[in-house]
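For reference, the structure discussed in these notes is given below.
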Amino acid sequence: MLVLGIESSCDETAAAVVNDRREILGEVVLSQLDEHRPFGGVVPEIAARSHLAHMDKLVAEAMRRAGVGFADLDAVAATGGPGLIGGVIVGVMTGKAIALAAGKPFLAVNHLEGHALTPRLTHDIAFPYLLLLASGGHCQLLAVEGVGRYTRLGTTIDDAAGEAFDKVAKMAGLGYPGGPAVEAAAQGGDPARFTLPRPMKGKPGCDFSFSGLKNAARLLIESLPQPLSAADQADVARAFQDAVADAMADRVRRGVREMKSRWPQTQHLVVAGGVAANTALRQVLVRIGNETGLEFLAPPLKLCTDNAAMIAWAGLERLRLGQSDDLTFAPRPRWPLDPTARKGAKA
């Protein structure tokens, strides 16, 4: 099987061709970082216009690199949500047009499902597994029971981890995007100088919270001489990164206990999403895996951030089950993975 994937839910425009042997035959990702950096975050209107300007040639380049034509495809998959709706519309309409013209099935892929199934693109693992999905817009602990079968064990009750990284980096003058900037600065930081709170640590359940930590970091930054010296930036970054990793570790340990109780056959703890690229977080998760007897797996760094290979793979997984979507599918700004999510829940 051969599937073209299209991703345009935020600030990466991407296209990829993937086969059922877990091979990425052709892949192109165009980042919009330079367009959004002056604003310190993603501007939806700019993102949508950039997707529209570049999508066609990126699809053509991915197909060229794969050495295939549209007639060779078995299906076309595009992110159908959740995400910034302008960009999602661009990707969905492009995917529909190609599918219609080539006479191929169309699959609207949940962006979160793309992340959730990425470990099966990079590793030969069976269901179920415990997934920590941490990105700029999402922070969830999910029991991945199968394609289209997800149980949310925990979620953020306010801000996502990646959003907190971006805001703290901006307040500390570290630049954008915040995740890599904080991690780079933290490498030279003194872990003993500042201590920030560990939100939700020790509390029942598996939910996350980062709003209070973000505010504590703001108060710390404002208490220091302005503008921050390089040493102060490094120490603040280290304190913040350590707090995030420690708080998330507590939630994940609780998630492992619940996972083993409800799905005792679980063998893997996996992480996906842009925050999964953080080395400190990965080190903590490796330790948790060793402590609990679960094998820790993480996709390569390039597949942690938004990409089209994961969308193609999720589409391929659905296609193998005989699934496809009608061309009347409407793009969705919110689209929770688990069907029992409360109304209004963050996707």
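Note: Cβ is positioned from N, Cα and C throughout, glycine not excepted.
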Please state which member of Asp158, Asp159, Asp166 Swiss-Prot lists alongside Leu133, Ala134, Ser135, Gly136, Gly137, Gly179, Asn278 for binding substrate.
Asp166
Check Swiss-Prot: it lists His111, His115 as binding Fe cation. Then name which of Asp250, Asp306, Asp325 it lists for that same site.
Asp306
Counting across all protein chains, other CB atoms within 10 angstroms of the CB of Ser135 (substrate binding site) number 25
Please identify, from the binding-site residues Leu133, Ala134, the residue with the sparsest Cβ neighbourhood, meaning fewest other Cβ atoms within 10 angstroms.
Leu133
Could you state the CA-to-CA distance between Gly136 (substrate binding site) and His111 (Fe cation binding site) to the nearest Å?
13
Collapsed DSSP category at Gly137 (substrate binding site)
coil
Cα-nearest neighbour of Gly179 (substrate binding site) within the listed binding-site residues, His111, His115, Asp306
Asp306
